[in-house]
């Protein structure tokens, strides 16, 4: 399917498949076969022994593997032959690994080829396979082909050919030439096992005359020579060898780049120890404080006292949920040079894993096409092999404007991508690159850079004009609907009733840049929508992208970004691969989460849009437990985790020590196996019984849907597509898997992919993965990986927070609530506390609103929530405030967060708690209990065309503004009333007034940014806000005076019996 093949639109249920603007298809290019004894894993020569014989790793099938790859497979791989799946036996001189103890420590040739010993080892391996639990599945249990040295030469959709092999990049893009190919193994056929009879000549098995002793001695001499040479180099002062391997370049080369790709950088104990001590002291002080508050009621203001105590107890519980998941914060460091040394050596085919990047968009009027275009351009120009990157843009609004702007983006990418890679510029989103107010000549050494930059800026400005013209044209839709350039009606004229659409813009012979180089694949996808079907908004669109990408390219990893989050760091994908492709982390890491960073926010971040406290404190703390929560964008996923499979856990993970068990949860091996895992295992190993195979296939179809191509793709853990497919099959399956009825009666949205049931599908999806035992990683490279835009307007910001809070309430009232879901021993205790905190925080709005109104009522009634206290009792109040301050200071110390960012976060916690969170609680209850749904609009991502931060001062009416405004007015009135009463009552009344004023001023200080937002640039508050707020404040005040709860009935009667001046 070429980039010029035109759009493909169709409906599976209606049996429609139409190509629009079809030009031609070209057949696949022939593979160039490479003959000779080359390693089928790394492509190097297998090598000879000291006697001149060929090195043989497997004694049964003689599958060509070189000695370094043989040792690596035994140490960090499957420990078995890629072809016959027989466990590698230990050769003399090789380091021992787990399982070698069953070989009776025999190294000589006769016992090495012992028929009985080999059978014992094979039976032992098979026994281990049978006893595998659900949390320790095999790394290669599926019908995958043999390992290859690189991807297929042709990037086209393969036609049925017995010589074709699996491609790691998929059908839509180019790959590199001169690649060693391997035959494909049909997973449905039993694997033939060759038994070596020691009585026969080894030549009959193709093994050659192998003199093991001489070969091992030759290898040992070579290794000793290399180590002597290395030690001499270091003794001369040309390098130093460290235990971490982070400095010795020569050591890395000698060890074949097998050092860890990342490391944990612990926070100094001088920072963490005082922090933890203060937390424990604060917990103790809080206990004594609450004990005093409960046992000392205020009799003359009992209702106020009772409300305050209830609020304080809830605040204490909320603090515990928020504080203790930050008990063990860590930092991480990646080594991109080691990644390149291991998987991406210069002059050799890249072994980096293929990655599919998802970009989601809905309404081009609220998500400007120019912003989406910049995101796509930054993806296409990432520092990653072009044949390993595929960009999928999901248009869930089926807007022709998005389609046409993406077509223009593809044309401009032919010029922009080579410019970025030639001059190594950052960032690679043109809008933000040209807007930088920095010295763009820094570190640039090519004389042509200035001229080319000036020409590229002119090209980009012309590109912007074309995009703006498309936007202007799309303002009014014709009565007959939109028409494409060739006169064909646009299939998505009705956004609620249209067929599925796929268009490949780049990624084949039609995807060359101006320098003649290949470009990454760029695919436009709009899933089918029909009335009467549940489409599940963004979560449904992301699941459709999972399936269509698996059919077309099947990258081993997925990376999703919002349309307004561009790649600020071109090496972001490699940063993620340092964890995903690391032997120690990769098989149990479900995703790598990057922090969100934002452009276009006012200098003082009035409404805490940056969320610095959350990204730099909370997520760092979770990274030290089981990993950060998924925040919806800037995240790289393992496909196997999204498919609902369990992670590959080591014995250390399955049997933790007593401290980890008590603090972080048990990870014991399940005795009952996992049915879903069993189905995958059975399908991959093959059946002799046709009935059993049919039952397994039915189970897989019930789980993944009725698409054989997609089901087979789910087994390919290293990515790639089955070689038996042809273009017609791929096109039909791609349309099929994005049809609106594909997910019916499957586990999509329940156990697979993005989970349905909440508008914040990100929290739910990450929670399900962690509950299965997966870990996640928080990656914070020195240069931020992604940057996006955030709503700096007060109303937009509150609506955004309302959507998040409503999603948390939906999860709280669902079966996936972390309070009662997932008690299988795989979710650690502190991680569970963090998830509980993310779903119950909106409920804090109820006690927070009451606590913010209490100071005003105390000032108006001259009552107080605290009785007269002794010096001993006042000590607990002083210690509590000191511990709160100390905790904040020490937290800022180890995290590096600034004081202003911390204070803005505290302020917006009160603003959001008294407005958006409060509305979310009631709307969530109405939605879950009464079925009354609330429709949310997409957050606007508008450009600042009227000046810097013009959007900050625009007022947009919303009911969310009423509660905080009422709280402000009530407290201001209370302050005036309290001061007036103190002036009239004399000197002795000023002492009790200070406590009340402190709390009232605390509320006003936290709501100060909200007050500035109401006043706007012209310092004018909208009349409707003033009217509503004064009306509510008056009603509450008059109601309070009418009820007069603090005056007893006897006092009222006595006052009524007194005569006045006219008595």
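From the backbone N, Cα and C atoms, a Cβ is placed for every residue, glycine too.
All annotation found in TrEMBL is predicted automatically rather than curated by experts.
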Segment assigned the feature transmembrane segment in TrEMBL (from 817-838, 839-860): 839-860
Chain-internal residues near residue 538 (Mn(2+) binding site), provided their CB is under 8 angstroms and they sit 6+ positions away: 360, 362, 396, 754, 761
Alpha-carbon spacing, residue 762 (active site) to residue 562 (Mn(2+) binding site), which is rounded to whole Å: 12
Spatial neighbours of the transmembrane segment (839-860) far in sequence, C-beta under 8 Å, 6+ residues away: 301, 304, 307-308, 310-311, 314-315, 318, 321, 763, 805-806, 808-809, 811-812, 817-818, 910, 913-914, 917-918, 920-921, 924, 963, 967, 970-971, 973-975, 977-978, 981, 993, 996-997, 999-1000, 1002-1003, 1037, 1040
Cβ neighbours of residue 762 (active site) where a neighbour is any other Cβ within 10 Å: 24
Chain residues outside the transmembrane segment (872-890) and at least six past its termini with a C-beta under 8 angstroms from it: 271, 274-275, 278-279, 281-282, 285-286, 288-289, 292, 296, 323, 902
The domain 'RING-type' (39-85): DSSP-derived helix, strand, coil residue counts: 10 helix, 4 strand, 33 coil
List of residues, in chain order, with Cβ under 8 A from that of residue 562 (Mn(2+) binding site) and at least 6 apart: 359, 360, 375, 632, 633, 788
Reported mean pLDDT - the domain 'RING-type' (39-85): 76
